[in-house]
Amino acid sequence: MADSGLVDHSPHHPTKAAQLSTASNVILIDNYDSFTWNVYQYLVLEGATVNVFRNDQITLEELIAKKPTQLVISPGPGHPETDAGISSAAIQYFSGKIPIFGVCMGQQCIITCFGGKVDVTGEILHGKTSPLKHDGKGAYEGLPGSLAVTRYHSLAGTHATIPDCLEVSSSVQLADDSNKDVIMGVRHKKLAVEGVQFHPESILTEYGRIMFRNFLKLTAGTWEGNGKHFGEQSSTTKATVPSNPPPKTDKKLSILERIYDHRRAAVAVQKTIPSQRPADLQAAYDLNLAPPQIPFPARLRQSPYPLSLMAEIKRASPSKGMIAENACAPAQARQYAKAGASVISVLTEPEWFKGSIDDLRAVRQSLEGMTNRPAILRKEFVFDEYQILEARLAGADTVLLIVKMLSVELLTRLYHYSRSLGMEPLVEVNTPEEMKIAVDLGAEVIGVNNRDLTSFEVDLGTTSRLMDQVPSSTIVCALSGISGPKDVEAYKKEGVKAILVGEALMRAADTATFIAELLGGSSQTVSSESRRSPLVKICGTRSEEAARAAIEAGADLIGIIMVQGRTGCVPDDVALPISQVVRSTPKPASQALHTSQEPPAATSVEYFDHSAKILRHPSRALLVGVFQNQPLDYILSQQQKLGLDVVQLHGSEPLEWAKLIPVPVIRKFGLDEPAIARRAYHSLPLLDSGVGGTGELLDQSRVQNVLDKDCGLRVILAGGLDPTNVAGIVQKLGESGRKVVGVDVSSGVESDGAQDLNKIRAFVQAVRGL
């Protein structure tokens, strides 16, 4: 090899330092790079005891359990956010606890973990030796102000995104005569966390072994704990700092940039956690575990108001601070849905907006079983397919894509990925240039943010100014700053189809009234159907005569007991004629349903309200078969054989059976049992004591407590009811009595152990008077 002026700085005949008791358990994370073992060699030569683990072969929990004295992150190929395995999560956890040193990709992981960005430098280097200028602190303590280092990289941290908590400790100049430099070292200002982009373990790097020696002297997780005071440059070190300091290092980032950087770091860490890795999410999606979804654009076109409402769950914001810290996201969602919202926007950003993906998951669960439920939007700073897949698995129907924060290439990629999961995104714009990008993209729904995300200033005229750029088929939504009816008047005239409201809704004393006033409706627009007398169920029916008398009196449900050994159990040869009577006997004309006051189709109806309606047949009574702890196959067989319209489960059957039985299910609950108000399983819960049929009255105060726990709960009340007490018991419940949508009687209409037709008629008449 010709003499090139290169100097071999490797320890040809190394002298191993004495064993360091303070570096007795150094953990070295191997990012699948051959240089890892050069790093290992230098650490061992300096007296450290080192254990090496590949980045995908140890979990964070296992790493924590090993109680390392220092942590070193090795070089490696690829990008720190996708190829560093456990590295970023380890940095996040151990920062401030133990000293951390990163080499090459290890430094890049440090930068991204604290909110910075890594990007191409314009150079692709492999074994390039460059002159380094440094600040003489940390790893560089005691070294000459300029020294030769060896570089193997094409990526590096970017000056404009280095967060305030980090300082640039060294740099090299680009070789293109641009007088610009590349970040070669960063250091946390308070925590004992330092990184280098070059390779101190290379044989062509000067003083590499001393750099590792300086690191191994550290024993505490902070500089102060190690007797160092970094973060401010002293007069003695200023001369060694690069002569052309990066002009953007101290640039104040916009709120959007700060949030974006923080989310990038957080998502990078999350993607390394077992059970939350991209492959884990994809596996769950491939198992069809994502909740059912609805088409976002179609739901936006349905509203009981002149404009559709996108109602937002928002605990805080960067501009207003804390808004509703203690808000319960699922409870808020139900209020919005019943008030006529077409979409519920759930902010899932945790630091500035105090939301989470768990909020979205809970919101989706809270709307389960509602008719025409609102679509669910994940309001988040999305920059990765991972976040879109995570949203779909949590139950989102759409996601937000912000044009301002995405390159056209990335925006296009994310848009099409979201659509591949069945979610048409909401594409957010703020300027004419951004609107053109969204229109060219083919977005079906475009949201115009009246708030400039750089300055966070609000201009309600922003939406109006951009309307002429939008095709007529595109749904335009006005976002941000809307607080009252005057704010939306112009939008109605200009073709805006929807508005998003967050803070004003979260602060509203009466959500439904505020929404109606805001959108020009009335409190009656989304009110449920008018009050009806409760459903009447006559149980323990044992003859055709009793069934016919009950129906002609106006009963809605005729129950027959299918439980062998129970009083009143009827065999099949008795049950079949009763079934025929139920199907052939019409209800009295006075019991015909009136539908004129039912809620508009565009609204969402609570699950139990819908279920109660299903159990109220317009022209005849329904036959209910009562079962108790019997095999599912037997229940299904009897349902088909007898033509049961409804199945009642009166024992300890699994809740999930309600979804396996092809007709509505009434399920008996005691007052202390859980899941009484669980939606989308049993059609209605029946409150009763013991096994039923005992004639024992339920404790009124306890019934009231059960009803008051959930405003959407509807029940059938049983237990000791008879013609003389049923009206008084329901009336005594006061306003909570409106949640009693059915009453059930068995022994209360019997005399001497047999059904009494006069008592049946009297019971029905007493209920109809409510």
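Counting starts with 1 at the first residue shown.
Each residue, glycine too, has its Cβ placed from N, Cα and C.
Noted in Swiss-Prot for the protein shown:
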BINDING   Gly76, Pro77, Gly78, Gln108, Ser154, Leu155  L-glutamine binding site
ACT_SITE  His199  active site, for GATase activity
ACT_SITE  Glu201  active site, for GATase activity
REGION    228-251  region 'Disordered'
REGION    255-519  region 'Indole-3-glycerol phosphate synthase'
Next on the checklist: With every protein chain in view, what's the tally of Cβ atoms within 10 Å of the Cβ of Glu201 (active site, for GATase activity), excluding that atom itself?
Outcome noted: 25
Item to check | Cβ-Cβ distance under 8 Å to Gly76 (L-glutamine binding site), same chain, at least six residues away | outcome: Asp30, Asn31, Tyr32, Asp33, Asn55, Asp83, Ala84, Cys104, Met105, Gly106
Item to check | His199 (active site, for GATase activity) versus Gly78 (L-glutamine binding site) - Cα distance in angstrom | outcome: 16
Next on the checklist: If you count other CB atoms within 10 A of each CB, which of Gln108, Ser154 wins among these binding-site residues?
Outcome noted: Gln108
Item to check | Those recorded positions listed as Pro77, Gly78, Leu155, His199, and which of them has the most Cβ atoms within 10 Å of its own Cβ | outcome: His199
Item to check | Env. residues of L-glutamine site, Cβ within 8 Å of mean position of Gly76, Pro77, Gly78, Gln108, Ser154, Leu155 Cβ | outcome: Pro75, His79, Pro80, Asp83, Cys104, Met105, His153
Checklist outcome for this item: Gln108 (L-glutamine binding site) falls, by DSSP collapsed to helix, strand or coil, into helix
Checklist entry - Where does Gly78 (L-glutamine binding site) sit in the DSSP three-state scheme? => result coil
Item to check | Three-class DSSP secondary structure - Ser154 (L-glutamine binding site) | outcome: strand
Checklist entry - Over the residue list Gly76, Pro77, Gly78, Gln108, Ser154, Leu155, recorded for L-glutamine, what is the maximum interresidue Cα distance in Å? => result 12
Next on the checklist: Cα-Cα, whole number of Å: Pro77 (L-glutamine binding site) versus Glu201 (active site, for GATase activity)?
Outcome noted: 16
Checklist entry - If one measures from the C-alpha of Gln108 (L-glutamine binding site) to the C-alpha of Glu201 (active site, for GATase activity), what distance in angstrom results, rounded to a whole number? => result 17
